[in-house]
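Remarks on the structure that follows.
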């Protein structure tokens with residue numbers, strides 16, 4: 001937008017804070033003021049474009065967590081899978097969602113750029129949701145088709161959510177000018193707040209849609225999956241709406257191939273010439289004969305951060321069980337890890353594993369049910385089918401030792417419960433059904449009474465408010481760990497690999513889930529022992545990480561542009577004697593730790 005035609009009178013108004021509404025801009029007034037005010041949230045240095053990115057992230061997280069909130073229930077009660085298969089598929093899906101960010105990052109940095117990658121993979125995301133929702137409609141095909149549609153939908157969702165995950169955060173960071181590092185840091189806090197807001201709201205709404213809204217003669221999984229699909233459509237529309245305001249960095253070419261070839265050449269060259277040639281300061285320097293020094297320096301930067309990430313999966317392995325003073329990001333992350341470990345140790349001491357134990361023995365019900373309801377089932381020893389009405393809930397048990405479904409009922413005294421067969425009707429007294437308990441009622445074959453009332457899991461005897469301190473610590477740990485991890489991954493990455501390093505950060509979550517699967521499936525430990533094991537390991541890992549963080553020195557990726565002004569990624573170093581050679585080493589940049 002040009003404003004060369006503006007008269008001197010109007011131009012004088014441009015120079016006043018009243019006209020530009022407080023926009024902080026160092027650009028020349030004559031041609032840039034309108035552009036500046038259009039791109040900044042007035043009175044701040046925040047670009048207007050981040051509003052679209054934050055709303056997009058809120059809707060996307062609502063979509064993802066809303067679908068996951070009822071996914072295990074869908075496997076068990078709709079697809080009729082057993083608990084073990086449901087658990088395995090659920091964790092496999094979760095892990096895939098955090099491994100696919102690497103693919104999305106490579107597409108963004110090497111081929112399409114972040115903007116187009118987000119759009120194209122969001123379309124894949126939407127298609128996955130639609131396919132998943134169609135698979136939840138009982139009238140569409142048989143159970144085989146439902147399973148096929150569900151699996152196809154989940155794979156598409158995994159590639160969609162994982163592919164855009166590293167790109168959205170990095171794309172948001174790209175919107176800020178180099179000098180606005182403080183605003184960029186606050187942006188990542190706002191960004192993470194939108195993630196949590198979307199996830200909390202969705203995990204409340206979608207279980208209600210599933211249970212309280214009846215369709216097709218039962219729980220409405222189609223609606224519970226359809227609403228997240230609609231939110232993902234909104235997320236895509238909102239993101240595209242801000243297209244004209246975004247700063248779009250072009251892709252840097254096939255980054256992965258160049259990085260792999262450079263690393264391979266360095267290893268090969270070192271192996272061949274290590275005994276003949278002088279020792280080099282870093283093993284990657286052996287690639288200088290063929291590859292640009294800038295590329296080598298960028299790989300060194302990424303490797304230093306990735307080495308620092310090695311201990312981090314343990315945080316997510318534990319977490320996924322489930323200020324004014326400036327603190328350096330790595331210190332915040334270390335404190336966050338320790339807070340999470342303390343929270344889980346405290347949780348074990350007060351034995352909230354009562355709830356976890358219930359969760360492990362019941363068909364993966366929503367967590368709200370564990371806290372508010374108790375569960376009951378009936379075994380029918382009659383020779384006729386029987387219907388039992390407990391409050392407003394109906395139980396059906398087939399004849400000859402048929403077992404009804406496990407259904408949650410509110411806490412209370414249940415006397416005069418109606419039991420009806422084809423030829424008879426009688427009433428029984430169940431007494432008090434208490435919080436968190438699991439009851440099995442064996443209906444007598446002779447007489448109108450209960451033969452056995454078994455309390456498979458005892459009622460909770462610890463008040464729910466004892467969980468509040470644990471969640472306070474967990475929340476503090478997650479906030480300090482996750483937000484600073486996102487910002488740190490962005491700030492320490494070279495421009496050509498920002499999405500790749502974001503993907504590396506997200507893969508710590510995937511490896512954390514793998515650790516959980518290995519320990520949970522292979523160790524065969526009691527739940528409380530698992531908690532103590534993970535908490536103890538995280539304390540040890542926190543100490544190791546704190547030591548690594550202490551020796552890490554922050555780098556400025558923008559320094560590369562100043563150091564290598566005349567170098568390009570496609571240039572090759574033929575010979576040090578054929579032209580004047582720039583001496584470039586780690587000492588040319590801010591001091592860094594050699595990892």
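Each Cβ is built from the backbone N, Cα and C atoms, and glycine gets one as well.
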TrEMBL lists transmembrane segment for one of the ranges 38-57, 118-137, 258-277; which is that range?
118-137
Transmembrane segment per TrEMBL: which of the ranges 1-20, 221-240 is that?
221-240
If you check TrEMBL, which stretch out of 500-520, 563-583 is marked transmembrane segment?
500-520
With the transmembrane segment (301-319) as the reference, find which of 62-81, 185-209, 532-555 contributes the most Cβ pairs under 8 Å.
532-555
Are there three or more C-beta pairs under 8 angstroms joining the transmembrane segment (118-137) and the transmembrane segment (143-164), sequence spacing 6 or more?
yes
